[in-house]
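Report on the structure given below.
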Amino acid sequence: MAKSHTLNPEEEFEEESGLRPSLLSEFIGQKEVLNNLTVYVQAAKNRKRALDHVLISGPPGLGKTTLAGIVSNELGTRLTITSAPVITKGADLARLLTSMGENEILFIDEIHTLHKKLEEILYPAMENYMIDLVIGEGVTAQMVQIPLKPFTLVGATTRSGLISEPLKSRFGIQLRLDYYNDEEMKEIVLRSSRILGVKIEDDAALEIGKRSRKTPRIANHLLKRIRDFSEVEGNLSVKKGLCLKAFEKMGIDDLGLDGMDRQILGCMIDRYKGGPVGLKAIAVVVGEEEKTIEDTYESFMVRIGLINRTPAGRVATEKAYRQLKRMQDFSENHGQDPTLF
């Protein structure tokens, strides 16, 4: 009988964390980013000083949080993780900053959502390791400067264009993560399978990688679901044929598109003749938040050429029609002879 891998939420979190690389040498892909970051980290270690503040941008799931953890491990310092949406008051941010030890790292995810008044607290903290606090109210109020220990702020964002220029300019190191290629995705799947104790053939790992939207987080999720199918069938190793059957059952196509992706494209084609159409209209039809569509679904489909963003709105490309096997609709929407396709 195959060994069960049913996990409770805590075990699931631990397993997920165990798949993250912990050192720069273990990180696959993002060569230029890694090469530069290796230099910056080594220089900080040599000087025995805090690393310059780091801004990491890129689509979700590419390794921004993982890189913050790696930097912490490489420098041998404590890492404090938080997210901008949960920092609602100046006192919250001040408490975080004053708790930082020398050369420690504060990681703030979704930093583009930080309120402008909170940004202003960060400016002197990042530049001079000081925060200005107002004590008291009215005529008795007075400004007090509180010194901080040297620390490194690592900010992560999926939307770097929304970060104000004054905040962005205070990050001495700015890194951009890009989508991974198929070979890198395959290596990530093989590494994760070794950690999980899953025997997998190379072509199966490549197939999982190709359908993971060029995103390691998705690859790890899909690997675990493929493991489920493999174990239930009593297989000793994961083969490509099993992957293809499992992906068909899960509704994931050869580009990694799932049901929601197809809903979005179908909405554009059926209701708006392929576009242009606004994001708000799409969100209402498919019943999903605009931000989720933009960050999770649309960015990938734009990248692989299924959607074009135009000043008038989103447009489904010819490739999108082909992927959905709807070239007849393309011909009708664009007034072209279907026999040409």
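Cβ coordinates come from backbone N, Cα and C, glycine included.
As recorded in Swiss-Prot:
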| type | residues | note |
| --- | --- | --- |
| REGION | 1-180 | region 'Large ATPase domain (RuvB-L)' |
| BINDING | Leu19, Arg20, Gly61, Lys64, Thr65, Thr66, Arg170, Tyr180, Arg217 | ATP binding site |
| BINDING | Thr65 | Mg(2+) binding site |
| REGION | 181-251 | region 'Small ATPAse domain (RuvB-S)' |
| REGION | 254-341 | region 'Head domain (RuvB-H)' |
| BINDING | Arg309, Arg314 | DNA binding site |
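What Swiss-Prot annotates, mapped onto the structure for a quick look.
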{"residue": "Leu19", "record": "ATP binding site", "CB count, 10 Å": "19"}
{"residue": "Gly61", "record": "ATP binding site", "CB count, 10 Å": "22"}
{"residue": "Thr65", "record": "ATP binding site", "CB count, 10 Å": "18"}
{"residue": "Arg170", "record": "ATP binding site", "CB count, 10 Å": "18"}
{"residue": "Arg217", "record": "ATP binding site", "CB count, 10 Å": "19"}
{"residue": "Arg309", "record": "DNA binding site", "CB count, 10 Å": "15"}
{"residue": "Arg314", "record": "DNA binding site", "CB count, 10 Å": "25"}
Between Leu19 (ATP binding site) and Arg314 (DNA binding site), what C-alpha distance do you get in Å? 36
Would you kindly give the Cα-Cα distance separating Arg314 (DNA binding site) and Arg217 (ATP binding site), rounded to the nearest Å? 27
Calculate the distance in Å between the alpha carbons (Cα) of Thr65 (ATP binding site) and Arg309 (DNA binding site), and round it to a whole number. 28
So how far apart do the ATP binders Leu19, Arg20, Gly61, Lys64, Thr65, Thr66, Arg170, Tyr180, Arg217 get, largest Cα to Cα in Å? 32
Taking DSSP states H, G and I as helix and E and B as strand, how many residues of the region 'Small ATPAse domain (RuvB-S)' (181-251) are helix, strand and coil? 52 helix, 2 strand, 17 coil
One should report the C-alpha separation between Gly61 (ATP binding site) and Arg309 (DNA binding site), rounded to whole angstrom, as 22
Stretch-averaged pLDDT - the region 'Large ATPase domain (RuvB-L)' (1-180): 89
Look up Leu19 (ATP binding site) in the DSSP assignment and report helix, strand or coil. coil
List the helix, strand and coil residue totals of the region 'Head domain (RuvB-H)' (254-341) as derived from DSSP. 53 helix, 9 strand, 26 coil
If one measures from the C-alpha of Arg170 (ATP binding site) to the C-alpha of Arg314 (DNA binding site), what distance in angstrom results, rounded to a whole number? 34
